[in-house]
Every structure is written in C-alpha cells, then in structure tokens.
Amino acid sequence: MVFGIYGVANLLFFSTHFLLLLLMPGICIALPENSKPRSSSLPSSGQISSNSVLVALLDSHYTELAELVEKALLLQTLEETVGSHNITIFAPRNEALERDLDPEFKRFLLEPGNLRSLQTLLKFHIIPTRIGSDKLPSRTESTRHETLSNDHLHLSGNGSGEWTVNRAKVINPNAVNRPDGVIHGIECLLVPQSVQDDFNRRRSLRSITAVKPEGAPEVDPRTHRLKKPAPPAEPGSSPALPISDALAPGPSLAPAPAPGPGGPHHHFNGAAQVKDFIQTLLHYGGYNEMADILVNLTSLATEMGRLVSEGYVLTVLAPNDEAMAKLTTDQLSEPGAPEQIMYYHLIPEYQTEESMYNAVRRFGKVRYDTLRLPHKVDAQEADGSVKFGQGDGSAYLFDPDIYTDGRISVQGIDGVLFPPEEVEATPVDKMVQPAKVAVKPRRGKLLEVTCQMLGAFGQDSRFSTCQ
C-alpha cells in the first residue's frame, strides 16, 4: 500500500501529527551526532568483507593463532570490533605456539573450563587502534596502548629500526595490511599477568590434590606423639622438652601400624576416587565395557576402593571397547575369568604416560607387577609409544592419562592383555622308561623260621612283622 501526501492541507496535517509524536512522553527518537558515513569492513547485511583483516588472518601463515581464535569463539567479537574501528594484531609465529610453548600451559589453555583465560590471552594481542610500521616508536621511547582485554601493551624502539612489544621482538612488521587493520609478526607469545596467575593457581591446586603415598605414622618415643617438624626456636628460649623427660624417658612405644583392611582410620576416600575415575571413563567415551565389568560383572570397583582407602596406589591399563569386543564367550564364561583378566591389567604402582615412556626409553624393557600373581606385564618402547605384552597379544598405549589424581592412574590401551602361557618343553624322541613295580621288602631267613614256628603254635598274629 502506498501513501501519498497531496496539497498544503495534508502537509500541515502530517507536520502537526509529527510534532505531537515528538512531544509525547516516553517516546525518544535518537538522531545521529555525525551524519558523515563511517568506513567499515562490515556491509549492511552484517557479513564481514572479504578484504577484512580477520579474513586475512585466517588465510595467513599464522595458522596456530587462527586456530586458537576459532577455538576461543572470538570471531563474532572480533567482527563487531572491526565494524567499530580499525585494529592492530600482534601475531606470534607458529613455532612459538607449537614447540616453544610450555606443554602444560598449552594444555591449560585448551581445557574447556579455561575458555575465559584463552580469550583474555588472545585479546591481549589485539589493540583497537591502527598502528602501522610508520607509527611505531622510531627512537628509544616507549608508548602504552590499551588492548581488548583491558590490559596495556608497551611498544618501544631502539633507534635502529627494531621494535619490541612487552619484550617480544617484532620480527615482521606490516605482515598483513588491510583497510580495517594491520598484523605485525612477533617472535613469542604475550601472556598477561591475569592468565599467568590463573595458571599458577591451577598448577598449585593440582599439586596439592595429587597426594603422595604415605606410610605408617611415626611416633616420637620421648613425647609419645606423632612426629611433627619443630617450629623455629628463638635463641635463648626454653627447651621444648622438660629435662626430666629427657633423663627418664617412659616406656618405648612401637610405631602405630598402618591402617589395616576394615580399620576405622582411613586416610583416603577410595570409594569416591574409584567412582570418579569410572565416571571419567564413561564421559571420555570408548571404555564403557571396561566400566561395566568393574561395576556390574565383578566387584573389582569395591575392592579397588578398599585398596586406595588403605593407602595403596593403582595404575589401570584399560582396554577400549573395540579390544573388549574381541573377547570370546569361552574366555569370559569360565568362573572367575573376568576377574583374572582385570587383575592382569592392574599394576600396584602409580605410573603416568610420561613415567612409563621414560622408563622404557631408559631401560629398553620394563616388567611391572600385576595383581594377578605371579604374572608380570612387559613394557617396551615401540613406534614412539609404550607397548605392553609380546607377540600377537600385545597392546599399545592408546589414550594416555585418562585419569590421574595421585592415587589412581588410568591409561587406555588398544588390546586385552593375557599372561604368557607356560609351555613345557618336551623332547621329540622321548625314551619309554620301564614301569617301576613296588617290590615287597624281603625278610631275613632267621625271621622267616621264627614266624613259621610261631604259626605252628598260633601266635604269629600278635607280631606285625609276620603278618
């Protein structure tokens, strides 16, 4: 429908109603402060231009940085930023993110729970202002610029055409130049202090939760109390123990024994830790059969919880579902067969992927004890990984460190392990030995005559020798 305004009367009618709309309370009409059009890389449809600096970043040789931007879900935020003003991106080279970066720090950034730290780290490399090579400090001076993470970067020059950004050298200025931004290549990653503090806090908490095994508590025979580190004593202070106690100590007490099975003093909550690692197997995916055997088919989960509660540590070699599917009915139908199979996959040591790989690299072949006594499982290096077992029954370390809490370590393998069968070597030409016949012991001649004389009188039954 098309509306038209004809004549002076209609024009006055329209103008009057428009003024009334302006004077009505509760209705605000925002007028632009500057009518001059602003250059933007975003067209009216909201899609980013093909000549944008973001498209150039995704297509550039800074592939590691582009991959981190996509994992951090920052593309939408950066599109909005580019639509408002030009930006400057300091892009670390790929080697700085692949080889030079601490693996533990990179693992921390890629964890789903640390998405905010990853976003803060990437925003720290972006300044919402265009700073080309012509605007970089030319002399020995330093300029301060605010980044998208609300932190500040310091740009400085040495007077010879070289620049640094927070101690990171600018190795490729103006690597990518677009109408809405510029990218400078730098030699290393820039880490804001807030992200570094989060990483240090998470690393300290992880070291606290990984409790080392402890033995029986040690008792001081003089005080009859648990030994504790003595606080620092000031010079000239009174002795911690009375002189009489030192001269005439009481009866010596043996150290308290380690908590036994079913004891009232449990240092660790083994049931909770076993439940956590079984839930981790289920959420990790591909190890449902292993979890089902531990919980439903056997009572191994309960037994493992008791062992951990008593202070023991365990390393579980968990076969994946594909390996468990290859087990035959005969291997599982025998009484106690599932338990024996699982016992051979439980190592009474705390081993991680790094410790086992370092051991096989150093010693070549390592034999680990299992809960299926007296059998042991062999480990050796193969194809840059750890190989368990020998021959066709071998398995490789497939998913390392699925669960590690300092007490229980779960390592995923791609096969089910069986102890080597004890085959007795028999010679080909086996000589047939004559059968041994038990010969009754012969009695002496004098004893036979005596027995005959006693038999004549009917007295031979009294002597066992004559029977």
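Any Cβ shown, glycine's included, is placed from N, Cα and C.
All annotation found in TrEMBL is predicted automatically rather than curated by experts.
Summarising the annotation, TrEMBL assigns compositional bias 'Basic and acidic residues' to 135-154.
Taken from TrEMBL, the feature compositional bias 'Low complexity' applies to 235-251.
What TrEMBL lists as compositional bias 'Pro residues' is 252-262.
The domain 'FAS1' feature in TrEMBL is assigned to 49-190 (among others).
Under the heading domain 'FAS1', TrEMBL lists 274-417 (among others). Across the domain 'FAS1' (274-417), the model assigns an average pLDDT of 90.
For 135-155 (among others), the entry in TrEMBL reads region 'Disordered'. Cβ atoms under 8 Å from those of the region 'Disordered' (135-155) belong to residues 81, 90, 120-121, 123-129, 163-166, 170, 173, 190, 192-194 of the same chain, restricted to positions at least 6 beyond its ends.
Summarising the annotation, TrEMBL assigns region 'Disordered' to 206-268 (among others).
The signal peptide annotation in TrEMBL covers 1-30.
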Residues of the domain 'FAS1' (49-190) by DSSP state, where helix covers H, G and I: 54 helix, 39 strand, 49 coil
Summary of DSSP states over the domain 'FAS1' (274-417), given as helix, strand and coil counts: 61 helix, 40 strand, 43 coil
